[in-house]
Amino acid sequence: MSGRNCLTIVLAAGEGTRMRSSLPKVLHPVGGQTLLSHVLAAAPGGPGTSLTVVIGPGHQAVADEAKRVRPDVMTFVQDERLGTAHAVLAAKEAIIRGADDLLIAFGDTPLISADTFARMRAPLRAGASLAVLGFHARDPAGYGRLIVTDGRLTAIREDADASPEERRMTLCNAGVMAFDGRTALRIIEKIGNANSKGEYYLTDAVGLVAELGLTAAVIETGEDEVRGINTKAQLAEAEQVMQARLRKAALDAGVTMVAPETVFLSADTSFGRDVTIEPYVIIGQGVTIADGAVVHAFSHLVQASIGRNASVGPYARLRPGTSVGDGARIGNFVETKAAVLEAGAKVNHLTYIGDAHVGAKANIGAGTITCNYDGFNKHRTEIGEGAFVGSNSSLVAPLRIGAGAYIGSGSVVTKNVPDDALAVGRGQQTLREGWAKRFREMKLLARKQKTG
């Protein structure tokens, strides 16, 4: 922003006890990504920016997640939970390095946008020492009110301390703040703990700014964007908002969804042009769907790629490592895992393909299973281009079926099959004419003798 550099501190030290979970609060998912990852993705990045996350003791998993999302991140530990200002000062080492702008955000607000972070910095460029993010609450009870006088923020009044007139105000504190880096540390270090809990509250910075004769401003945003997550119910509400956003973005990008309210997407889902998603499809992390592909109803996809004009489902499950080539088909009640299907390959019914490579235009018959696990290790199956595997076949890995080869239906194949060969691995059929009639007569006679 106009050459100003920026340090963002994300506070993520809370235990999240109301989540009633052993998982740290900020690692719970919304839209297929952790709460923390959404905030870090929205935070300013690129040249002239730096990022810090404050974590709680023993929360190495939070530090690891931060590093996964933003490899440039620094992490600091808040050893004691003594309030938000105390948490910010846990990252004092990063603050004293100097930055024009200091953004302070929270790891449990996954709906906040990069645009809002950018707008928070604008008053600093205009000379303000502090900007506070606010929103008009549908029900403001319990929120701190932002008291604005002559266009300037003069106080944050907690609900319990507010006058009747102030309680009627709907402009509330969202918690996110932006400080002018030149005065930030001086202000934050002056915050005291003379309150019932003996904690250091960042909200007290507004009063200190006024005492110093400096300016504090308010930036407004929508209530949904600043939803904090403290309970599983709030997590579910945030998921609803996130899914509505993701569906709208997909529709705006040209994806056809007949019943979008039944489709669940991940924040990193990538769509090509003219993609169709039928009802009741769940798309997890790491899925890319190329131009013209169709995902039919009741399918579940995670960490998979679907090629141009390919077809998946209905009732298909694509597990991590699946790659479906251009024009390939995955049909009903098919499960794939760590499987590559080349262009035009067909796996149309009732099949498991795992740890396998299926060549272009190969056809896999109904009921085929790649037997990839021997109880200790996984093994691969290679099926060549144009091969035909008959229905109800078991392919015992490690195994290679050559290009153009045929596998007879009902076979158990344990040895490699050369190109263009026929393999039949089933028992010899036995035929006894009249046996069924004699068997029924024998059973009926035995029943009559037993009943007398």
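Please read every residue number as a count from 1 along the shown chain.
Cβ coordinates are placed from backbone N, Cα and C, and glycine is handled just like the others.
Feature annotation from Swiss-Prot assigns region 'Pyrophosphorylase' to 1-232.
Counting only same-chain residues six or more apart in sequence, the Cβ atoms lying under 8 angstroms from the Cβ of Asp108 (Mg(2+) binding site) belong to Ala12, Gly14, Gly16, Lys25, Val26, Leu35, Gly228, Ile229, Asn230. Positions annotated as Mg(2+) binding site by Swiss-Prot, on the basis of sequence analysis: Asp108, Asn230.
Swiss-Prot lists 233-253 with the feature region 'Linker', giving sequence analysis as the kind of evidence. Note on the region 'Linker' (233-253): residues 19, 28, 30-31, 110-111, 224, 227, 260-261, 263-267, 269, 271, 277 of its chain, located 6 or more positions outside it, place their CB under 8 angstroms from a CB of the stretch.
For 254-452, the entry in Swiss-Prot reads region 'N-acetyltransferase', with the evidence type sequence analysis.
Per Swiss-Prot, active site, proton acceptor is recorded for His349. In this view, His349 (active site, proton acceptor) is surrounded by 15 other Cβ atoms within 10 Å of its Cβ, with every protein chain counted.
Taken from Swiss-Prot, the feature acetyl-CoA binding site applies to Ala366, Asn372, Tyr373, Ser391, Ser409, Arg426. Long-range Cβ proximity for Ser391 (acetyl-CoA binding site), meaning a same-chain Cβ under 8 A and a gap of 6 or more residues, is found for Gly365, Ala366, Gly367, Thr368, Ser409, Gly410.
Ranked by Cβ neighbours within 10 A across all protein chains shown, the binding-site residues Asn230, Asn372, Ser409 are led by Asn372.
Secondary structure from DSSP puts Tyr373 (acetyl-CoA binding site) in a beta strand.
Residue counts for the region 'Linker' (233-253) by DSSP state, with H, G and I taken as helix and E and B as strand, are 20 helix, 0 strand, 1 coil. For the acetyl-CoA site listed in the record, the two most distant Cα atoms among Ala366, Asn372, Tyr373, Ser391, Ser409, Arg426 lie 22 Å apart. For the recorded site, His349 (active site, proton acceptor), the DSSP three-state label reads strand.
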